[in-house]
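Just below is one structure, and these are the notes that go with it.
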Amino acid sequence: MEPLIVLPAGARDKRWLDNPAITDKLWPATIETFEMTLISGALAVLLGLLLGLALVTTGKRGQHSNRFVYEVLSQVVNIGRSLPFIILMVAILPLTRMIVGSSLGWQAACVPLTVGAIPFYARLVETAVNNVEAGKVEAALMMGASGNQITWGVLVREALPTLIQSATVTLITLLGYSAMAGAVGGGGLGDLAVQYGFQRNQTDVMIVTVVLIVLIVGIIQLAGDMLSRLVDHR
């Protein structure tokens, strides 16, 4: 058996960290990934929260229970969650062009990312809020709380740690979606990994982008866990 020989990668070795794809393009691609994830994540959490609360308030236990409205909203959420992201990107290209003016770039990728994440987060919101103890709602009603006070002061407040954890899951999911968006012209780390790591067979680019995405996921999860514990006073 021949001995394994490890050759160090020197400063001039183009096969490793001196690769222009890493030294020149990695940082801009990382910024694009952050922009895609954070912008679409903020919009998805805001709109998904409102949609999720609409599901709760029109549901069987809701303050404005309406079976027809609930079923319509629920089916919209189910359809949105069932569409694979790549198909969703293609299906709403006209909407993306109308809003952004282009179907390429990280700005264009924000549209399908947001649309795809809204129903995902909305269902998580519905589940989290429905798990709030009914006794706390009844106590608020006995004290004369209004509908808005119950929704925001009781339901959302009590479910806040779980809502933050759900938002963390949504952001991590969006990070994965952003990599898929990059594979079809959306920019970011996914685009860099496909163009240089896969198509040009530059293994160092692929390894660095994968490690970086794993680190970003870890940072998002850590921040979400810390914030969730911070607001949890139960």
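The backbone N, Cα and C atoms fix where each Cβ goes, and this holds for glycine too.
Feature annotation from TrEMBL assigns domain 'ABC transmembrane type-1' to 30-224.
Away from its own ends, the transmembrane segment (36-56) comes close to residues 62, 69-70, 73-74, 77, 106, 109-110, 113-114, 117-126, 129-130, 151, 155-156, 163, 167, 170-171, 174-175, 178, 181, 186-188 of its chain (Cβ-Cβ under 8 Å, at least six residues beyond either end). Among the features that TrEMBL reports, transmembrane segment is placed at 36-56 (among others).
Summarising the annotation, TrEMBL assigns transmembrane segment to 68-92 (among others).
If you look up TrEMBL, you'll see 104-122 (among others) marked as transmembrane segment. Long-range contacts of the transmembrane segment (104-122) within the same chain, counting only residues at least 6 positions beyond its ends with a Cβ under 8 Å from a Cβ of the stretch, are 32-33, 35-37, 39-41, 43-45, 47-49, 51-52, 55, 76-81, 83, 85, 88-89, 92, 95-97, 166-167, 170, 173-174, 177-178, 181-182, 185-188.
The transmembrane segment annotation in TrEMBL covers 167-185 (among others).
Among the features that TrEMBL reports, transmembrane segment is placed at 205-224 (among others).
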Task: Contacting positions for the transmembrane segment (167-185) when only residues 6+ beyond its ends and CB under 8 Å are counted - done: 29, 33, 36-38, 40-41, 44-45, 48, 85-86, 89, 103-105, 109, 112-113, 116-117, 120-121, 124, 191-194, 213, 216-217, 220-221, 223-225, 228
